[in-house]
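Listed features, source TrEMBL:
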{"type": "TRANSMEM", "residues": "7-27", "note": "transmembrane segment"}
{"type": "TRANSMEM", "residues": "39-62", "note": "transmembrane segment"}
{"type": "TRANSMEM", "residues": "74-94", "note": "transmembrane segment"}
{"type": "TRANSMEM", "residues": "100-123", "note": "transmembrane segment"}
{"type": "TRANSMEM", "residues": "135-153", "note": "transmembrane segment"}
{"type": "TRANSMEM", "residues": "165-184", "note": "transmembrane segment"}
{"type": "TRANSMEM", "residues": "205-228", "note": "transmembrane segment"}
{"type": "TRANSMEM", "residues": "248-266", "note": "transmembrane segment"}
{"type": "TRANSMEM", "residues": "273-293", "note": "transmembrane segment"}
{"type": "TRANSMEM", "residues": "299-324", "note": "transmembrane segment"}
{"type": "TRANSMEM", "residues": "336-356", "note": "transmembrane segment"}
{"type": "TRANSMEM", "residues": "368-388", "note": "transmembrane segment"}
Amino acid sequence: MASTGVILAVLQLFFALTWVIYVIYLPGLAAQAGIPKDAVPLILLMDQAIFVACDWAAGVYADRVAATLGRIGPRLAMVTLVSCAAFLALPFVAPEGSVPAFIALTVVWSATSSALRAPPLMLIGKHAASPHRPWLAGLYMLGIGIAGAMAPYLGSTLKGVDPRIPFAISSIVVVVVTFVLAAAERRLEGSTSTLREREWRFRQPGGFTIGAFAIAVALLAVGFQVHFSMNSVPAYLKHAKPQDLEHLMPVFWIGFNLLMLPATLLTKRFGGLFVMALAGVVAVAATAFAARVDNLDALIAAQFVAGGAWGTLLMSAFTAALAVGNPGRGGSVTGMLFSVLALAAFARIAFVNAGGPSLPGLAEVLPVVPAVLWAAGTLVIAGLAFRIGRSSAA
């Protein structure tokens, strides 16, 4: 399973980079296609709305295919071919000035890209033994974290670069790695995961458990969106120059990557919900501290710790989701998790596009919002962990 984890990390790195590249080039490509600049946020909202619907649907479909055909790799590879073909076509179609064609390709890419979120994680739940899942989920998240750290540098590095080049490179790598993953699935056949005794209780989770878990993740995800996407730049600009941002913004993701992987040992020992609650407490403290610091060094330290806490939260959340979904519903529950994360991104983009951050008095409130939301989400997770622990002891 170690090689499969590396494949997942590489896949998620380049898959996440396709989104980074897309966001960097979207305004220019949209202008070439004849789409006005003020419509670009609406396209991003459309993308997130599609992710909300399709991430969960892709997870459900992956569960059904796995139950009937045994393997999802071949279909995953075929859908990825369609997705990458649509993505690769965007910089070629945009100069033709056809708005319907450009939007249609965007919709196809957004919808089919959901095949590369929940379904690969479902493979972990199906084939990996429980003690290995946190590490594999961590490697999966590592790819996303590295892409997040690279994003500010790519924004400046790709200026003036023909969009067809990064679109082509990222698409080709994603296709190749997906086919490698499909081949790896064949080798994993017969290695169905063994549930630890402590996870039996998740086999038939009630609607309350899944609903509370989704609400908690939604609170945590909105807290992340406010902290990183809305608060981080203004906080840094109080102590640094705008040209320093490309070096400062990756600090969060460096903490994400460096602290998350060691935390997989805690998740392996104590379970996803407990470590989620622990990481939530750290996240609350880090974001509250970040809102009050008066120097750059302290802010950098707070961002590093907050990133590590968010990485640990995500890794543990997906580990818990795999436990909740087993047997047979790993794709559905992880798909729900991705849909909730996309919903949080949708809410943030809509709020910013509506001019929310400029509302009177909101600038004073926003710095404390992440800590409040993460505290609320952490309380829900802690309650779930206590409830499950008490029921298992009964």
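Glycine residues also receive a Cβ, built from the backbone N, Cα and C atoms like all the rest.
Touching of the transmembrane segment (299-324) and the transmembrane segment (7-27) is ruled out by the presence of fewer than three CB pairs under 8 A, sequence neighbours closer than 6 excluded. Within the same chain, the transmembrane segment (248-266) stays apart from the transmembrane segment (336-356): fewer than three Cβ pairs sit under 8 Å, each pair at least 6 residues apart. Between the transmembrane segment (135-153) and the stretches 39-62, 100-123, 336-356, 368-388, it is 100-123 that has the most C-beta pairs under 8 angstroms. Most Cβ pairs under 8 A with the transmembrane segment (368-388) among the ranges 39-62, 74-94, 165-184, 273-293, 336-356 are made by 273-293. Using a cut-off of 8 Å between Cβ atoms, the transmembrane segment (336-356) and the transmembrane segment (7-27) share fewer than three residue pairs, counting only pairs 6 or more apart in sequence. In terms of C-beta pairs under 8 Å, the stretch of 39-62, 74-94, 165-184, 205-228, 273-293 lying closest in packing to the transmembrane segment (7-27) is 165-184. Long-range contacts of the transmembrane segment (165-184) within the same chain: residues 3-4, 7-8, 10-11, 14-15, 17-18, 21, 25, 71, 73-74, 76-77, 80-81, 84-85, 87-88, 90-91, 116, 120, 123, 158, each at least 6 residues beyond the stretch ends and with a Cβ under 8 Å from a Cβ of the stretch.
Long-range contacts of the transmembrane segment (74-94) within the same chain: residues 18, 22, 25, 29-30, 32-33, 62, 65, 101-102, 105-106, 108-109, 112-113, 115-116, 119-120, 162-164, 167-168, 170-172, 174-175, 178-179, 181-182, each at least 6 residues beyond the stretch ends and with a Cβ under 8 Å from a Cβ of the stretch.
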